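Contents: one structure, followed by commentary.
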Amino acid sequence: MASLLNSVPSIKLSNFSNNNPLRSSQISSPFCLSFSRRRLVVRATETDKEVKAQAPDKAPAAGGSSINQILGIKGAKQETDKWKIRVQLTKPVTWPPLVWGVVCGAAASGNFHWTPEDVAKSIVCMLMSGPFLTGYTQTINDWYDREIDAINEPYRPIPSGAISGQEVINQIWVLLLGGLGLAGILDVWAGHDFPTIFYLALGGSLLSYIYSAPPLKLKQNGWIGNFALGASYISLPWWAGQALFGTLTPDIIVLTLLYSVAGLGIAIVNDFKSIEGDRAMRLQSLPVAFGSEAAKWICVGAIDITQISVAGYLLGAGKPYYALALLGLIAPQVFFQFKYFLKDPVKYDVKYQASAQPFLILGLLVTALATSH
């Protein structure tokens with residue numbers, strides 16, 4: 001395990017002010033990367049750029065929801081309790097797809113049994129994928145989005161100064177190392193000769209970093225960034241669950257990467273509320289690059305065509321009942337797309353995702369069960 005950790009990128013973080021990072025005259029700048037033959041070294045540098053949060057046109061809704069705050073979604077109550085703010089940064093509302101991905105991977109392995117040991121393994125894998133590594137992803141994304149949030153949502157925890165920069169960095173490290181530690185434990189528990197789950201967790205963590213952080217900052221490109229996000233939410237937890245109880249096969253890897261195109265569509269849903277900030281920061285999200293109207297259709301097309309293609313694959317593989325079940329789950333998603341998302345993707349984004357996404361994730365399970373037989 002020690003030798004594995006020696007191969008992890010060395011990350012040195014310094015000069016983070018304990019004050020609000022957006023009100024400090026010097027803040028940590030985007031990380032700069034230098035490559036050597038032995039390892040990747042990431043050092044923080046300094047910049048004189050000053051970022052000031054602009055006052056919102058209007059304050060958040062009075063008496064915001066405590067539930068929204070703890071879930072990390074808009075309409076949140078303004079909190080001063082640091083632990084509630086820490087949970088908010090991890091966006092628990094984003095954990096269920098990862099947890100469900102582990103369930104799908106375990107189901108696809110064909111080797112999961114309802115024994116106390118297998119249930120315990122799956123719970124630890126869910127904790128790794130959800131609260132730890134997804135929490136790490138969401139926190140680091142908020143950290144590098146603090147300038148955009150200062151424009152779009154200046155009352156969020158980081159741009160508002162409700163939590164200091166150093167506290168955010170500490171949280172990032174705790175969640176990252178905790179997730180990697182759980183991955184190593186799962187490899188030992190599963191009796192792996194090769195630490196498959198650890199390397200999946202390490203690769204996913206690196207992907208999360210380069211998604212949010214300069215100079216690569218994959219999210220600057222709507223196509224690459226959203227596909228990377230979709231793969232992180234669909235493929236990686238599935239692979240972890242399947243590797244924990246069985247063996248990953250090339251056909252499963254290809255199938256889940258195809259499903260990640262649907263994840264690309266889901267990721268676009270969240271881009272509409274950030275158009276103003278993305279445009280100001282020159283991020284080429286799809287709504288910025290193509291306009292809201294075209295981006296809406298790209299979004300629903302990616303979600304629907306991907307699932308229809310997977311249904312076709314299942315039909316061709318001689319599994320017509322699974323294919324029909326998947327098609328049946330696509331129909332209500334299309335209904336809610338027209339009812340909510342295509343009408344107003346900003347106003348109805350939460351309603352749309354709450355209504356349509358349960359059918360998408362049930363479709364994932366149908367596909368997993370189909371591949372296990």
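Each position is counted from 1, following the chain as shown.
The backbone N, Cα and C atoms fix where each Cβ goes, and this holds for glycine too.
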With the ranges 88-106, 354-372 to choose from, which does TrEMBL describe as transmembrane segment?
354-372
Cβ-Cβ under 8 Å with the transmembrane segment (223-240): same-chain residues at least 6 beyond its ends:
94, 97-102, 104-105, 108, 125, 128-129, 137, 183, 186, 197, 200-201, 203-204, 207-208, 211, 248, 252-253, 256-257, 259-268, 271, 285-286, 364, 368
Using a cut-off of under 8 Å between C-beta atoms, tell me which stretch among 196-211, 321-342, 354-372 contacts the transmembrane segment (252-273) the most.
354-372
Using a Cβ cut-off under 8 Å, which residues of the same chain at least 6 positions beyond either end of the transmembrane segment (321-342) come close to it?
269, 296, 299-300, 303-304, 307-308, 310-312, 314-315, 348-349, 351-352, 355-356, 359-360, 362-363, 366-367, 369-370
